[in-house]
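What follows is one structure encoded as structure tokens, with my remarks underneath.
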Ligand SMILES: O=C(O)C1=C[C@@H](OP(=O)(O)O)[C@@H](O)[C@H](O)C1
Ligand SMILES: C=C(OP(=O)(O)O)C(=O)O
């Protein structure tokens with residue numbers, strides 16, 4: 001296993017342009033494949049999650065050309081559902097944004113498909129999505145554990161029926177149904193049961209669908225109405241925004257290490273809910289300046305602890321758990337149960353690794369509380385094959401020397417050259 005020893009950091013300042021958004025890249029690629037016409041996607045993210053989507057689409061016969069640096073992709077749309085004449089096994093790594101939307105899209109395609117991935121994917125639920133689609137008459141078999149990938153999908157003609165979907169574990173299930181729904185033969189209604197988590201990701205979905213010409217009637221995120229027999233239409237050119245979750249590490253560095261750190265690629269014009277991370281830093285006492293597509297953060301003193309429900313920014317909220325080391329008082333992040341079903345059990349993992357640094361941590365089913373201590377010390381941080389654990393713990397190097405990140409290469413899921421970029425704004 002590789003390790004990365006971080007020097008003690010004293011200051012953060014500079015500018016960084018963050019890579020394209022994972023959430024947008026994979027949604028855009030899927031709709032570019034389903035739509036009528038050719039789509040030129042620019043600022044596409046090049047990371048493991050996107051490579052899995054691209055490889056799957058290629059296997060499904062979607063024709064595209066990638067530029068040498070893989071940041072531009074010209075996709076020839078199929079003008080309809082995905083199809084295959086033979087059994088296709090699609091390996092989707094640990095990419096939720098590939099597994100969930102492809103599962104729904106393939107149910108309404110034609111052919112037989114096996115959807116598989118890495119071991120952790122077999123522990124990440126998909127049952128609420130499959131259950132939601134059952135009234136349409138789908139044929140899906142769980143190949144290992146009931147409710148989890150790997151899956152076998154035998155696509156067949158479906159009949160329209162009202163859909164009820166549980167939104168309390170992952171918004172990706174609703175995203176998946178929304179994106180597939182316009183290709184059904186008749187109009188459908190989707191009713192959300194349970195608290196819808198990670199709600200801003202639904203705005204990303206509706207925004208991308210709109211850019212591909214499909215409008216959804218959104219009745220207060222409780223009910224969605226979508227006409228059937230629609231065709232997605234290529235917008236021609238589409239640019240992927242910078243990734244707001246990836247921005248969080250640099251913005252937090254600005255708040256912890258003085259700044260200013262200016263992050264280009266996301267701002268007030270962004271459709272990504274994770275831009276709200278900057279508001280949390282502001283509540284912690286940082287100075288935040290916004291433009292349409294950059295955000296700048298600085299601070300001239302210690303941060304203040306917060307106690308907040310961060311369900312709307314589950315990914316960026318992990319960065320707050322480490323920023324808490326630099327805040328006066330106890331920081332509590334609430335309503336984050338679904339951290340437990342992501343790349344790893346993130347509540348458990350964050351609590352374990354923060355404690356290794358000598359910090360006081362309390363954790364429960366759906367929250368984590370972090371109280372900094374004067375005795376913070378270095379430690380080798382295990383990253384559980386979770387890119388965000390590796391990235392957010394880089395900030396601990398502003399508190400102490402001796403921070404070692406185990407398996408730093410796991411950032412390849414969404415941000416392959418993260419540590420190189422981080423070193424450019426910190427010293
Ligand atoms: O739709 C998306 O692009 C995502 C939704 C969120 O997942 P949940 O809805 O499972 O919280 C988020 O954590 C994930 O990284 C990306
Ligand atoms: C939860 C995440 O990924 P996924 O898209 O695989 O759900 C994440 O990137 O933090």
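Numbers here mean position along the shown chain, with the first residue as 1.
Using the three backbone atoms N, Cα and C, a Cβ is placed for every residue, glycine included.
Cross-referencing 22, 262, 276 with the phosphoenolpyruvate binding residues that TrEMBL gives (96, 124, 172, 346, 388, 413) picks out 22. Listed binding-site residues: 22, 346, 413; maximum Cβ neighbour count within 10 Å falls on 22.
By the rule that a residue counts when its Cβ sits under 6 Å from some atom of ligand 2, the binding-site residues 96, 171, 338, 346 yield 96. In sequence order, 169, 170, 197, 198, 314 are the residues of the chain that are 6 or more apart from residue 338 (3-phosphoshikimate binding site) and have a CB within less than 8 Å of its CB. By neighbour count, meaning other C-beta atoms within 10 Å, the densest spot among the binding-site residues 27, 124, 388 is 388.
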